[in-house]
């Protein structure tokens, strides 16, 4: 008789997609989640005979092998060592239904499925097709299991998000469209195959794709193109964006990932931290790993990894770009949810992953996963990159004055300024949730200082007491004397782009003695990374403060001074170096970052407009370069029309 041969296969797409929460994926091939059964129906050329046994083979990767867990052979109703199993369901003479179950730790990706028919000593194999297997946050046995359904809906299935930007005192929300179900699955799987890890050892790389911490680390290296010509994005923070996309204009991941594919997987130009994080969130959610974006305000970049950020100013208070360390107004990274069997159960949960290319980790621009709990507890020696992330949220900040003869004097050590208002989007709404307490104990508390000393001791290899001395900065055994005055900048009115900026420096004498204070002020346009673009103001004055007296010093920054030097970050940093005379150089440094607001243009049309009417508006831009207008109609007829219009303004 003829061999038992399948003539047709039904992947039962509707039933399987609904059961596996994959019904929103745009791809047509079967997409299911691991650790959960799926159903297929096979139609054969004839009924099955006694003595004919059936089994299946699943294979993935370029060199499938059972030793690498990339190939599995399993017969009906037999529990093989691979963890894969199959069972026959209700069937008739024309068709057989089979339930196939993958192990909860199976490698994720695109599988080949083959039917094996055994008759006596003969084995016949028939190729059935391909299916895609993803991580499964609904499966308790999966490393990415998340027990709360509302959180699964938010961190796996929600295609829309909010990214928090600005600074610690002025937090803004911007929307981001992840679009993880919009025909991106093949792109995300290809991304894994283009990584340096895959190029080095394809078989080993594929065999490790059942581990979310491995997949997350690989993806963090692939979102940036710094050490891989096939990375998704190139980063750029200053200079001209002519002929390429300004990072501030991206509002979603789909366009970026599709452009990357269309350009034959060459890096898209350009991205900055929130763009890297937004795209990585898309990829990880697409693969089934629960992921969210987190914004850290006053985020430290500790290049020398000594838990101290050193900032330098000249004697007039002007910020100097001589330190490799930096403090960004904000930095955005990702948190993904999975367990950490390599570290221990206490470190399960949210893990930091960061695709922004800041520093290399083991020779590649990648970061994480670092356990959030390990960061909070100062376990900076644990994998991966926990020290770097700990510094981002809890480094101390030293401020130095550099005199004309090159000598440096530290005037202040701020133990609380780094890592403020760490924020993420709320579950089920666009609200902001402060997660700072997840990363560190309250600033100034004994627990926070204890953890800091613990982290420092792990770096130095010795115990550390409060008030240590080291050449790289950090704490000094010399107590920094209080100059006896306090100061802060206040805005006299909201700062609007195109208008002069008016500030007030408020100085207060905290003592009962009269004080003479020399004030050197400086203002510069800056990037959100706080790197100086151009100095726009320099001024000096003196003020006499009576006992317990406060005085106001008005400062004006004309638009003509800052307009042509402002970047799309719209930031100006103002500093005042206040020296108390006749006190052997005691100084107070006052600093403020200003984010300028855009001007709203409101146009009212009083008369009714007939269909196909055209309205012409005329306006005069104040500067050359790309100008973006947001269109938002208030009338019901045009309520669906929203978006941005970009206009190229040529130099006069």
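Using N, Cα and C of the backbone, Cβ positions are placed for all residues, glycine too.
Any TrEMBL annotation is an automated prediction that lacks curation.
Noted in TrEMBL for the protein shown:
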ACT_SITE  273  active site
ACT_SITE  331  active site
ACT_SITE  354  active site
BINDING   394, 396, 443, 448  Ca(2+) binding site
DOMAIN    265-357  domain 'Transglutaminase-like'
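Locations of recorded TrEMBL features on the structure.
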residue : record              : contacts (Cβ under 8 Å, 6+ apart)
273     : active site         : 328, 330, 331, 332, 333, 356
354     : active site         : 220, 276, 277, 333, 334, 367, 368, 385, 389
394     : Ca(2+) binding site : 307, 418, 419, 439, 440, 448, 451, 452, 455
443     : Ca(2+) binding site : 415, 416
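Cβ neighbour density within 10 Å is lowest for 448 among the binding-site residues 396, 448. Residue density at residue 331 (active site): 26 other Cβ atoms are found within 10 A of its Cβ, drawing on all protein chains shown.
Take the mean position of the Cβ atoms of 394, 396, 443, 448, the recorded Ca(2+) site; other residues of that chain with a Cβ within 8 Å of it are 395, 415, 416, 418, 419, 440, 444, 449, 452. DSSP states for the domain 'Transglutaminase-like' (265-357), grouped as helix (H, G, I), strand (E, B) and coil, give 18 helix, 42 strand, 33 coil. In this model, the domain 'Transglutaminase-like' (265-357) carries an average pLDDT of 95.
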